[in-house]
Amino acid sequence: MRASFRLGRVAGVPVGVNWSVLVIFALIWWGLSASQFPRAYPDRPGGLYVLSGLVAAVVFFLGLLAHEVSHAIVAKRNGLEVGGITLWLFGGVAELRGEAKDPGAELRIAGIGPLVSFCIGLVFGAFAIILAQVGYRGLLLGVLAWLAGINILLAVFNVLPAAPLDGGRLLRAAVWKWTGDRTRATVVSARAGWVLGAVLIALGLWQFIAGRGVGGLWLALIGWFLIGAAGMEERQARMGSALRDVRVADVMTPQPQTASADLTVADFVDRYLFAYRHSALPLTEGGRPVGLVTLDRVRGVPADRRDATTLAEVACREDQLVLARPDEQLNELLPRLNECADGRALVVTDGNLVGIVSPSDISRAVQRGSMRDQLAGRR
């Protein structure tokens, strides 16, 4: 999930917001200030309802951020890289690069998020109880009670044993521990996610048809998302199985054609475009990679500017390149691939370019690995 704009860093992790989060934020704000709070606490000034709804919505999303930050912190402590945190329509997502090294690490990373949400809910609930005990009946009580309930509900929903929820990760950790097979554990978790998604869609459509409001459509939308995400996790798991024990050196194109970053786009078109069969060209200085230019980037340069535009100006920059070692496992490389290089990685030894890995290289490796697994299963 791509962030539309960045908020900064929390615990050293970049935090961003996707534009879709504005939709759910507005719905929560409107629902609380126009319906729930006026119904539960009538005869208050209208501005107070609006302010209370705004505060509740903001604090709710801060709780979501705390949930994801906890995942990120524990993941980093267990040896994983965290690319960032993005809040979006269905909550938040921490971009973890790589896989947990063992079931215990998976359990810790997955379990901390719901635990944080549950604790946040308990804290707000405790304050609400204290205010109620001393006889307070103002809107603040409603805000605290709502925040307590929504955070506890979030924690409970997240521990449902189905991918891609945190509970799905917990289920995967348990099956992985029991069977010793991470791929099988992921498939079990993904299938559970598909079942939960189907149940939510059916329940949501039934509620909508029964005239219980548009909340049923929202439930169905969540179910649809779960089915899609669970299916993606299963496909990724099977791809990971197909690529096990495959090294970068096994799939890379060795000693690829290179060019200077100072070369103009016009010269590239004349000298390389039709003479070079690949669609990406590493840029090097003294054998060291400093950029990567793709046909899509070159195509975006207007014809009348090609003579004055260098490849360095349109290339994926050095600090955005994905570098790999020949002896690195391909499965470890995949999570690091990014859009800047169009899913490509440059292979280096002692800082010098020795190869390039493209999406087609990975696709062929997956096909061979899948065939290997099928043949092994027939024996």
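Any Cβ shown, glycine's included, is placed from N, Cα and C.
Here is what TrEMBL says about this protein:
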type     : residues             : note
TRANSMEM : 12-32                : transmembrane segment
TRANSMEM : 47-67                : transmembrane segment
BINDING  : His67, His71, Asp166 : Zn(2+) binding site
ACT_SITE : Glu68                : active site
TRANSMEM : 109-132              : transmembrane segment
TRANSMEM : 138-160              : transmembrane segment
TRANSMEM : 192-209              : transmembrane segment
TRANSMEM : 215-232              : transmembrane segment
DOMAIN   : 252-308              : domain 'CBS'
DOMAIN   : 316-374              : domain 'CBS'
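Summary of the Zn(2+) site environment: with the site residues His67, His71, Asp166 set aside, the chain residues having Cβ atoms within 8 Å of the Cβ mean position are Glu68, Ser70, Gly92, Ala94, Ala110, Ile112, Gly113, Pro114, Val116, Ser117, Asn158. When the domain 'CBS' (316-374) is classified with DSSP, helix, strand and coil residues number 26 helix, 16 strand, 17 coil. Put simply, of 12-32, 47-67, 109-132, 192-209, the stretch with the most CB pairs closer than 8 A to the transmembrane segment (138-160) is 109-132.
In the predicted model, the domain 'CBS' (316-374) has a mean pLDDT of 85. In this view, Glu68 (active site) is surrounded by 24 other Cβ atoms within 10 Å of its Cβ, with every protein chain counted. Residues 63, 66-68, 70-71, 73-75, 78, 80, 96, 100, 140-141, 144-145, 147-156, 158-159, 166-167, 169-170, 173 of the same chain lie 6+ residues outside the transmembrane segment (109-132) yet bring a C-beta within less than 8 angstroms of a C-beta in it.
Taking a C-beta cut-off of under 8 Å and a sequence gap of six or more, His67 (Zn(2+) binding site) has these contacts in its own chain: Gly91, Gly92, Gly113, Pro114, Val116, Ser117, Leu154. Below 8 angstroms of C-beta separation, residues 1-6, 49, 52-54, 56-57, 60-61, 65, 69, 72, 76, 82-90, 94, 146 of the same chain, each at least six residues beyond the ends of the transmembrane segment (12-32), sit close to that stretch. Secondary structure of the domain 'CBS' (252-308), assigned with DSSP and counted as helix (H, G, I), strand (E, B) and coil, comes to 15 helix, 17 strand, 25 coil. Cβ crowding, taken as the number of other Cβ atoms within 10 Å, peaks at His71 among the binding-site residues His71, Asp166.
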